[in-house]
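Colleague: Take a look at what TrEMBL says about it:
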REGION    A:1-20  region 'Disordered'
TRANSMEM  A:44-62  transmembrane segment
TRANSMEM  A:82-104  transmembrane segment
TRANSMEM  A:125-150  transmembrane segment
TRANSMEM  A:170-195  transmembrane segment
TRANSMEM  A:202-223  transmembrane segment
TRANSMEM  A:253-273  transmembrane segment
Amino acid sequence: MSTTALAPHDTPETAGRHAAGQRVTFPRVVHMEWIKLRSLRSTIYTLAITVALVVGFGLLLSSVVGSGEGPGQDDFGDPTSISLGGVTLAALAISVLGVLMSAGEYATGTIRATLSAVPARLPVLWGKVVVFAAVSFVLMFIAALGAFLAGQSVLSSRDMATAALSDPGVFRALVGAAVYLTGAGLIGLAVGALLRNTAGAITLVVGALFVVPGLIQLLPSSWNDAIGPYLPSNAGNSFMAVQTTGDALSPGAGLAVFAGYIVVLLAGAAVLLKRRDA
Amino acid sequence: MIEVDNLSKRYGDKLAVDALSFTVRSGVVTGFLGPNGAGKSTTMRMIMGLDRPSSGTTRINSRPYEQHKAPLQEIGALLEAKAIHPGRSAYHHLVALAASNGIGKRRVLEVIDMVGLTEVARKRAGGFSLGMGQRLGIASALLGDPQVVMLDEPVNGLDPEGVLWIRNLLKDLADRGRTVFVSSHLMSEMALIAEDLIVIGRGRLLSAGPLADFVAQSSGRSVRVRSPQAAHLRDLLVGDGVSVTSSEPGVLDVQGLDAAEIGERAAASGLVLHELSLQEASLEEAFMELTRDAVEYHATTAEFATTGGTNR
C-alpha cells in the first residue's frame, strides 16, 4: 500500500503534476471551512445554545411580561420586540462562536495547516465569512421566526396585544434579528482574526456589544444622545424594532452603521492576515 | 526543488536567519542540520510562506509558494506535530485540507492508511500521542502527492518502528525523483538517510553539499593501532605529515598514514599488532567541529552562573 499509493507515474519533472482538476478555487476553500465548522462539536453546541436562547428567552419574556413580576409591558415597544427579547443575549453566544472560528485556529495551530493548503491566505478569511454568514443567517432567521410565532401565541393565550407576521415592519424585524445575530458573529470572527487570542477577543467583543452600551448611559445625556445610537448594539436594535423610538437611528441608517463596523473590522483582519507571520 | 536566496528574518533586534542562500535538489534526501535555535524551523516556515521574510526570497519549483495554483501538489510539509484542533478527528482535519485543493476522499483514506492511523482516524485528535500527531502531520504532508516534501524533526516522538518507517518513506520518495528536505538536530539520523547536507548555525550557512564531502573535509580519518610494543611502533611511524597520539597505554591514533602502510611497516620490523582499524570521523564529530562557535545555547555551568536570574 505505502509504495503503490505515492505516485503511479514518476519522472523528476512530471511526477504527479497537477493531477486532474486539483487546484485551489474559492468554492473549494468555502467547502473546507464548511467541513471544519461542522466537524467540531463545540460549534454545533454553540449554535444550538444560540437558537435556544433566542426561542427560550423570547418564550420566557412572553410568559411573564405584564404579569406583575419581571419586566412590564412598557419596557417593550410592541409585542414583536417582547418575543425577540432573547436576541440580545443570544448575540453573546454567537459572537463567541465567531471568535472561536478565527482565533480558535491560532490557538490550536490549525491555521498553519490551513495556510499551507491555501497560501494566498485571503480566501481563507472570506471562506470563513461566507460559511459563517450563511449558516448563521439561516439558523437565526428560523430561530427568530420560531420565537415570534411561539411568543405571540403565548401572549395571545394571556389575552395580551399580539402582532401578526403580515403587520407592517414585523417581517423586517425578524430578518433584522437574523442579520444582527449574524453580524455579531462576524464582528467576533473579525476581532478573533485581529487579536488571534480567544480570551482577549471574547473579552473585547463582549465589552463592545454588551458593556459599553450600559456605560454610555452613565455619561451626560448630550454625550449619550450623540454616541449611543451609533454603538453596534443600538444600531442593530434600530433595524430589529418594528417601530423606531426616540433618538434611535432609522432602520436603514442603523443597518448601514452596523455593516460599517463589520466591513472595517474585516478589512483590518484581511490586511493583517496578509502581512503577519502565521 | 527549493531555492532560498539571501533570506533573512529579524525578530526585534535578533537576527534569526541571516542572509541564507541554498538550493535543495530533487532526487535525494537533503538533511538540514543545526544546533537548537540555529533558525531551521524559521527557514522552513518562510519556505512555506507562513512567516514573512525580512528580506530575501524563497521559491518552490521555481515560484514563490503562494503563486502556485495547486499548492499541496507542489510541497507538503510537517512543521509541527499536532497542528490540529483537539476536538476534530484526523479524518475531518485531512478531508477539510484536501477539499481546499480539490483532492478527493479516496486520497485522504490512502494517506491515513499509509501512516497507519486507520484505526484512530475517526477519533478526536486531542487524545493523540506525540507519535500519532507526527504521523498525522506526515499524512497531511503527503496529501497532495507533492513534488517537494519538507519535514521538521520528523522522528521526534516516534517509536523505533516509526523511525525506520520514516527513513524508508523518505528514501522511497527521493528515489521517485521527489525533493526531500528534512531537518534534525540528530546527526546520527542524518548519517543514515541524507545524501546532501545543509548545515546552519546562528542563522548563517556553515556548509552545503554532499554528506560524504562534509565528513571528509572535517578533521579527517585516523587509524587506531593497538600493540604491546606501542612505543617502538610510534618511533617507526612518526615523520613528515604523520601525527601519532595516544589516548591509552598500548593504543595509538595515527593520522597521515593508511592502515595498509602501518601494517606493512610493523611487519617489516616484526612488531605485533592486536588491532588495526580505520576511524572515520563521524558525522557527529564533523558537525560539532563545524558548529562549535555557532551554538546558541552552550550548556556550561559558567554561563549559568553569570546569566542566572537575569533571564535575557
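Indices start at 1 and increase along the chain as displayed.
Each Cβ is built from the backbone N, Cα and C atoms, and glycine gets one as well.
Curation plays no part in TrEMBL annotations; they are all automatic predictions.
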Colleague: Please report, as numbers and ranges, the same-chain residues at least 6 past the borders of the transmembrane segment (A:253-273) whose CB is under 8 Å from any CB of it.
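Modeller: Distant contacts of the transmembrane segment (A:253-273): 102, 121-122, 124-125, 129, 176, 179-180, 183, 186-187, 189-191, 193-194, 229-230, 232, 234-239.
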Colleague: So which residues does the transmembrane segment (A:202-223) touch in its own chain, when a touch means Cβ under 8 Å and the partner is 6 or more beyond its ends?
Modeller: 88, 91-92, 95-96, 98-99, 184, 187-188, 191, 195, 231-234
Colleague: With a Cβ cut-off under 8 Å, give me the same-chain residues at least six positions beyond the ends of the transmembrane segment (A:44-62) that come close to it.
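Modeller: Residues 38, 70-71, 82-87, 89-90, 93-94, 96-97, 100, 135-136, 139-140, 142-144, 146-148, 150-152, 154-155, 158, 177, 181.
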